[in-house]
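> Quick one: structure below, then a few questions.
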There are 6 protein chains.
Amino acid sequence: MTPTTAVRADGRTADELRVVTIERGWSEHAEGSALVSFGRTKVLCTASFTNGVPRWMSGKGRGWVTAEYAMLPRATNTRNDRESVKGRIGGRTHEISRLIGRSLRAVVDTKGLGENTIQIDCDVLQADGGTRTAAITGAYVALADAIEWAREKKFIGQRAKPLIDTVSAVSVGIIDGVPMLDLAYVEDVRAETDMNVVATGRGLFVEVQGTAEGAPFDRRELDSLLDLALDGTAELTRIQQSVLARIEA
Amino acid sequence: MTPTTAVRADGRTADELRVVTIERGWSEHAEGSALVSFGRTKVLCTASFTNGVPRWMSGKGRGWVTAEYAMLPRATNTRNDRESVKGRIGGRTHEISRLIGRSLRAVVDTKGLGENTIQIDCDVLQADGGTRTAAITGAYVALADAIEWAREKKFIGQRAKPLIDTVSAVSVGIIDGVPMLDLAYVEDVRAETDMNVVATGRGLFVEVQGTAEGAPFDRRELDSLLDLALDGTAELTRIQQSVLARIEA
Amino acid sequence: MTPTTAVRADGRTADELRVVTIERGWSEHAEGSALVSFGRTKVLCTASFTNGVPRWMSGKGRGWVTAEYAMLPRATNTRNDRESVKGRIGGRTHEISRLIGRSLRAVVDTKGLGENTIQIDCDVLQADGGTRTAAITGAYVALADAIEWAREKKFIGQRAKPLIDTVSAVSVGIIDGVPMLDLAYVEDVRAETDMNVVATGRGLFVEVQGTAEGAPFDRRELDSLLDLALDGTAELTRIQQSVLARIEA
Amino acid sequence: MTPTTAVRADGRTADELRVVTIERGWSEHAEGSALVSFGRTKVLCTASFTNGVPRWMSGKGRGWVTAEYAMLPRATNTRNDRESVKGRIGGRTHEISRLIGRSLRAVVDTKGLGENTIQIDCDVLQADGGTRTAAITGAYVALADAIEWAREKKFIGQRAKPLIDTVSAVSVGIIDGVPMLDLAYVEDVRAETDMNVVATGRGLFVEVQGTAEGAPFDRRELDSLLDLALDGTAELTRIQQSVLARIEA
Amino acid sequence: MTPTTAVRADGRTADELRVVTIERGWSEHAEGSALVSFGRTKVLCTASFTNGVPRWMSGKGRGWVTAEYAMLPRATNTRNDRESVKGRIGGRTHEISRLIGRSLRAVVDTKGLGENTIQIDCDVLQADGGTRTAAITGAYVALADAIEWAREKKFIGQRAKPLIDTVSAVSVGIIDGVPMLDLAYVEDVRAETDMNVVATGRGLFVEVQGTAEGAPFDRRELDSLLDLALDGTAELTRIQQSVLARIEA
Amino acid sequence: MTPTTAVRADGRTADELRVVTIERGWSEHAEGSALVSFGRTKVLCTASFTNGVPRWMSGKGRGWVTAEYAMLPRATNTRNDRESVKGRIGGRTHEISRLIGRSLRAVVDTKGLGENTIQIDCDVLQADGGTRTAAITGAYVALADAIEWAREKKFIGQRAKPLIDTVSAVSVGIIDGVPMLDLAYVEDVRAETDMNVVATGRGLFVEVQGTAEGAPFDRRELDSLLDLALDGTAELTRIQQSVLARIEA
């Protein structure tokens, strides 16, 4: 198995990310925002800061971070009906919203937030595979900016460090027996095994979600996917840090 | 009343549009698309072409054009709950979706479409007043491109001319007694009277929706608003035509 | 164009209202009520007075007037499914409810109401075109009676004058090139242009909603429709005043 | 126990119905209709005839009769939120709709209807107790007229006799130990036991629904309520027959 | 008519209950619970005790008892869609939930409960007719245990006697002219008349719900069904008392 | 790290499953069923076989297996509102339903099923951690029996082998630094890392879902959890096989 020499439809090697861009501050209204692209996948992430926390959390001196994910109806190749029109949120939407929220909370010290809420919204403007991993990666940037905004507004303490690490995510999968990084849609539908890995800047796992789409997978395949994913999130961490550094300077 | 000499918060004269841009073909998936900006208002319009019509229209040899409008939760200055999460579409959303659909159908000869459907989606990415008028103006461009796409794919006849005119829209309002064109959000909330006018490229009215927000208005005020609006839609028509010409060349 | 000589299916001239009756106090429970008929269109309007206002309005010393419109399932020629059974309100219902609420608020000084709410319900018992205009016209009578009731109960001050004008509404449209007043259903479906005009007793516009159902319309057509509508609302104002005077005496 | 000498708030004796009126043909659109009043309780009943039956009944040569019951929001003394706005039908509404449907089907030979559906709608315009019993009583008249209409239109056979009996309903209850007929709202809330009885013109039971609101009741009390109810439905049968005879003549 | 000599599909005589078992304390979490079986019908009843009452009851020094009934999707012979997936509760479910709640409240002195709520849940694990009557019979046992639990926890007074009687329920019906007790599903679908009777341990009626499924029924038939039902509930009362005695000893 | 010597609240060692029982054929109606217990967690799994497949799958000669998961309201220590009453399915329910469906489909050759559907329902009667893993483990048994039933009924071919492997699932987690197998609820809430592993009888992975509940986890911790989980699923496989063998004999 020599993944790095395989060549893919878009010319990438097996262990190569698509072109990743993060346009920080895309929205003029939100306290933090980022338009993130993983190749043709484009997700608009906004972070909305509000004072107070949901009732069930009140009085504990802790903040709350939560997330909602959605797709525009024509983000995909064929149009999907709006969930607002159907009157109900689908299972996939629910699942990804929860994943994004958990991933961000894993790097947040909620005591440092005070009793404030940051609501993350990730709206997929264009989809080409990896929308949930792009969303997590962009949402971290929006979250970091909203926290900085709150610090400037003195809604959180000047010495508080609510962010204890960074977080990013990438998909990996096995196609024709070859482990590959950051699957585009045409690759995703062909993958025998599909895995989404969320990891911190320090290289620790936050979420590992592997699914046998075709045949079940063995331990050796699992190991090679995890290796590849950690390389990918390390690269995404560098991009996040560079974007956050550039503008703060 | 000398509207043209009034100066507004953003430096415009009373009869001046905001900067209007139309980024044609923004979406790589949709058969037609446009990212339209009226100042800070940004709306992504996509046109999805499908063969066949809703059951109630079937067998009449006519096509169908319909539209849905929505806002991202943080398009606005403070976040709004998602309609998908609330499980129901609000009245304002319904109203604007219907307006966009009627406005487009007014310039479509549905016989020319054959039994095909074009579904327009207008999603507000950022809102600063005039989202429905920007949506109509951008949707026309997406619609025109989807029709061209269908002609190339031979889903509609080569000689069919489904578009019998162009259509655009603009808001007008009276603020401190002065009629003004293309209201930004801060102007919209102060307007005594607010009117949305949809007109064709030939200068005919498709929709006139005037509402007294503060005090009822008289016939003379109504007349001055209609004059101003027709100047605005004439300018928008030129922008649409320029954008459509540029890329087809 | 000589509209007054045209003769319609029901024998009316082009500028003639249908027989309009307003049965005041039809409901024995509501604080104000009216069963209004525009020909065969019958709408039961009730006004429910309650102390307090919605939370978002609280503490401003102002009252609130809001409205809901609905149709009985067999108000129309063929039965429509109930919106309660479908589990959602349709766009048309939403749109008309909002229109009625705005129209009434245009003639109410909410300070004069104190922190009280008047909820208007307009339920169409039988429909033959013009249900929204009949609803507004009848709702004004119900509203006036509810305010009088509240004055008697001392829920609002004896000198307070919450009603600053009267309000009524009528539809107009162009059929076979002839502008016509107060369209019945068979006329409404044939109209090239359809306009609903809401005006005050003093002859000022509250809402102007014109829609090109067939071909777009020009400025001259718009003007002739507005003239016709103001004549119609002036006549409706006289009927409202006569009904309110008769019973108060 | 001498019920007939007790005097009630409205001057009735214990075994006396309120004034019952049935305005046949109230709706100009429905195939059958009746505005029924039991005192101040007013219910508009319409019968909508359509060809065909629900899919699960198809191909059996039988028709279908079904019913929906609802209340206008201000039919009652204080306003209730609309079920369409709440997005769901309440338990009481469901229960009464089902009761009306079962009651009518008990006197219908569905073979005689052919594969046709009659949809009954009972909308309470004003409520003062006994809305479900008034609804059943009025719905029978609307149903009879819709069947007659279908016979004239030859949708059902000229010799078919889909109606095998008549049906009406009345409430009875025990108040201060005295069995009383046809409870008004103020009586209903005070009743220890409340029973709704649906019976045919021949005096047979279709539904008996007795509920201990206060203390459980014994067999003797149950017997006296059943006696009283059968007297009431006999009287309602005479009123129905008189109304149906009058107009057919 | 000699019901006791008739023999049924399952070998019972006409006046014989199915085998009834009540497994008390089935759930390890609930304050009271019972798995009740009427033959193959199995219903899990739990009673959840919480401090406080719904807002509309607050401050009256009274408690509240309410109930919800539901069926597992494959409790029946063919699968039914989940009401949670359909997004709405069906009429039958609503109706039975309300019946169970009323039946239990008829034997509760809510003053004795203090301002506490007991929520009963009756979930049908397997259905073979009589699910509502089994549910009421089992729910009483769960309720009694939850009250005993609350007394031990001192949430209600040691001398308070919230239970003023016991309650159970049984179905009766007429099949081929013979009144029969406790109908199994195959009997239920054949019954001309179907009646559910809820009675207290002292033999008083709480609910009598008789429905003509086939032909309407006369007074003599009604009387024989009531006799049969009271014999059945007397037997169920003995079973309840024996179960409650056994474990408390 | 010596997990096997740690002792847990319930006396188990770190690598020990709770007592697992599978009561096959619990439901008398379903084509396959199992009441599975993992300690105090009890899940009723039923498999409903129907001819035909959803429309989007039709005509491909393949069958379909899908699953729905739900909890009774008082399955847990404190009562949860019913999703049917709330009118919407929660994210957790959606997520687990999808997981069960994917897990079962991973061991099904849908060609072997023919165009038939097996609907799995997993209803949690009592919850004490690990409800999704118990559900998958029990659902496999219900599925196997439904396939056997269909073979006997000749709905699927006698030589068809739709089941290509067995499948079971178990949770693992790290508590106080020690990897533990099959977490009970009190352990689950304390776990720093929580992982659900679905594996086939041959020891291949179907799903791996690891989540950092407290601190992110490193590769070594992940490896030890995977080892533990595969031991657990191997033991569950033996229990499944023994249960299926026992009754088929």
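Numbers here mean position along the shown chain, with the first residue as 1.
Cβ atoms here come from the backbone N, Cα and C positions, even for glycine.
Keep in mind that TrEMBL annotations are predicted by a computer and have not been checked by a curator.
TrEMBL feature annotations, pasted as is:
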type    : residues                      : note
DOMAIN  : C:16-146                      : domain 'Exoribonuclease phosphorolytic'
BINDING : C:R92, C:G130, C:T131, C:R132 : phosphate binding site
DOMAIN  : C:165-231                     : domain 'Exoribonuclease phosphorolytic'
> Just to verify: the residue among C:R92, C:R132 with the fewest other Cβ atoms within 10 Å, which of the binding-site residues is it?
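Among the binding-site residues C:R92, C:R132, the lowest count of other Cβ atoms within 10 Å belongs to C:R92.
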> Quick one: which residues besides C:R92, C:G130, C:T131, C:R132 have a Cβ within 8 Å of the phosphate site's Cβ centroid, in sequence order?
C:Y69, C:I96, C:V124, C:A127, C:G129, C:T133, C:A134, C:A135
> In the three-state scheme derived from DSSP, which category covers C:T131 (phosphate binding site)?
helix
> Largest pairwise Cα distance, Å, within the listed phosphate binders C:R92, C:G130, C:T131, C:R132?
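Between the outermost Cα atoms of C:R92, C:G130, C:T131, C:R132, the distance is 13 Å.
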> Where DSSP helix means H, G or I and strand means E or B, what are the helix, strand and coil counts for the domain 'Exoribonuclease phosphorolytic' (C:165-231)?
17 helix, 30 strand, 20 coil
> Would you list the DSSP helix, strand and coil counts for the residues of the domain 'Exoribonuclease phosphorolytic' (C:16-146)?
42 helix, 43 strand, 46 coil
> Within 10 angstroms of the C-beta of C:T131 (phosphate binding site), what count of other C-beta atoms is obtained when all protein chains are considered?
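Result for C:T131 (phosphate binding site): 26 neighbouring Cβ atoms inside 10 Å.
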> Can you count the other CB atoms that lie within 10 A of the CB of C:G130 (phosphate binding site)?
26
> Determine the mean pLDDT over the domain 'Exoribonuclease phosphorolytic' (C:16-146), rounding to the nearest whole number.
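Mean pLDDT for the domain 'Exoribonuclease phosphorolytic' (C:16-146): 96.
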